[in-house]
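Visitor: Okay, here's the structure, questions in a sec.
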Amino acid sequence: MTSLRCFLILSVTSFLLLLTVIPSISTNYEEDEEDLHFLEEIEGQSVDSVPLPDSSDSDNDQFPSDEEDSESGSEQDLHDLDPDTYRAPIFNDKDVVVLTEGNFSDFIRNNKYVVIQFYAPWCGHSQALAPEYAAAATELKGEGVVLAKVDATEEDELAQKYEVQGFPTVYLFVEGEHKPYTAAKNKEAIVTWIKKNIGRGVLNVTTVDDAERILTSQSKIVLGYLNSLVGPESDELAAASKLLDDVSVYQTVNPDITKLFQIDPQVKRPALVLVKREAEKICHFDGQFVKTEISEFVTSNKLPLVTTFSRDTAPSIFESSIKNHLLLFATLNISEKFIPVFQEAAKLFKGKLISIYVQVDNEDTGRPVANFFGVSGDGPRILAYYGTDARKFAMDGDVTLDNIKAFAEDFLEDRLKPYYKSDPIPETNDKDVKVVVANSFDEIVLDESKDVLLEIYAPWCGHCRSLEPIYNKLAKHVKGIDSLVIAKMDGTTNEHPRARKAGFPTVLFFPAGNKSSDPIKVNAERSVVAYYKFLKKHASTPFKLKKPFATPKDKPASDDETKSSDSKKSSSADMKDEL
């Protein structure tokens, strides 16, 4: 009897507990099964999701180099031309061998040293390299190395086999094994790089006539004045030359030759000098004569006091061990007034930073760099740049030696406030999707009272354009929720340290009351429903949508019914969202 009583008590208790739990389960189920079909229509078309590639349009915060063009309103490489209308430039490439799948393997097997350029006929970079490459082939004729080319658009299997990712790609093949070309894309650099990689890397100069020819024909020369042309000193110099892709390295024991290079014939040997065709013509080495110190000396001094940014100089700038840059932006017609002052300042910081002149009216290279830094107008303007973390700094005041010196010192000591490019704050911002610029970012996005969804986009980005109707629809549905902000920012013209992008579009969520933490990267499906569910899950301030009234779909409305319906919609606008 006691057992029966206990059983009945437990049964009643369990039943009561079940009655308590069922409503909760039912409520959660209803929330999970919330009818969200009204979110899916835009102008009568379902846009629950838009099929898009998994990857975002690539973007890079790195200073534009000669291998990558800054985007300026087009997704296409501005230097790539229509294959149907492109006409190749005229130049003599008689010494460049044409390779195809049919003769490639035999040619590599029968020649010890082969340089091969994989190119596309319509590629702007390939077009620029072609005459320089042809001239290098002619100069190296008879040196035991052959220069060849492969049209990668025709020889797709060869391009895939050698992992050609962009144009042009150049390899040096030595007895069948290949390595990539890493120097500048001009004749002199190509010849210097090839000679180093197929020989010892250091050349002997024994006559005054040879020395004079070298001085008049080359722009950057290293000369070692040694006790002997063979032995440990020569070996260290040869090893250092292998680390210096774009500088010709020579050695001599002839004191008459050293006079031409402004080396005292009585100086203690080994001695070394770097000669340049620049305002700073001679740099004397005073370190220990070992390959690492020689290489570091040449790398730090091979650039001119002020380097004009171009496709030829970009590799030397970006491959330098010096990652701190000081930049002067000015048009060509006013640069003559300011470059001498900039050069004087550059002397004070040689070896600590690279001083660069950017010609802002040069559409090929200067304008993309100016766009990257957010510089407009004729200049002059001076900025500083940390190549290690892409921070930018702007100098205030006139371009004077004292101002540049103080600015550069503060830059090197990390005492400056970073500069972020920004569009002007819009005069009106009353659309469903709020426009954010760098200068309004803190006010809008970092407002602790708001949950903020921010899209970082690019005007030229196809994925961004596909997302736009979805994003606008989402914003339309939640516009009556005071705690929630749907916003967008042009990531090509605005920067902020809290808005780090990983391509376009990047969508970030900044929850209310937690703006000091990193934002949440939104990786949801690009659909109205998916973004809505994300917001419901992550918003710090709970919210609920007001669903629009349904319109009967079984019969068309008469004119009178339409007018009546419009009147009702107008009178109830404060009660619901309009679609």
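In case you wondered, yes, glycine gets a Cβ from its N, Cα and C as well.
Reproduced below are the annotations present in TrEMBL:
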type     : residues : note
COMPBIAS : 56-74    : compositional bias 'Acidic residues'
COMPBIAS : 76-85    : compositional bias 'Basic and acidic residues'
COMPBIAS : 552-579  : compositional bias 'Basic and acidic residues'
DOMAIN   : 82-199   : domain 'Thioredoxin'
DOMAIN   : 419-540  : domain 'Thioredoxin'
REGION   : 47-86    : region 'Disordered'
REGION   : 545-579  : region 'Disordered'
SIGNAL   : 1-26     : signal peptide
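Could you tell me the structural context for the features on the list?
Guide: Mean pLDDT, taken over the domain 'Thioredoxin' (419-540), works out to 92 on the 0 to 100 scale.
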Visitor: Pull the DSSP breakdown for the domain 'Thioredoxin' (419-540) and write it out as helix, strand, coil residue counts.
Guide: 35 helix, 24 strand, 63 coil
Visitor: Per DSSP, what is the residue tally for the domain 'Thioredoxin' (82-199) in helix, strand and coil?
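Guide: The counts are 41 helix, 26 strand, 51 coil.
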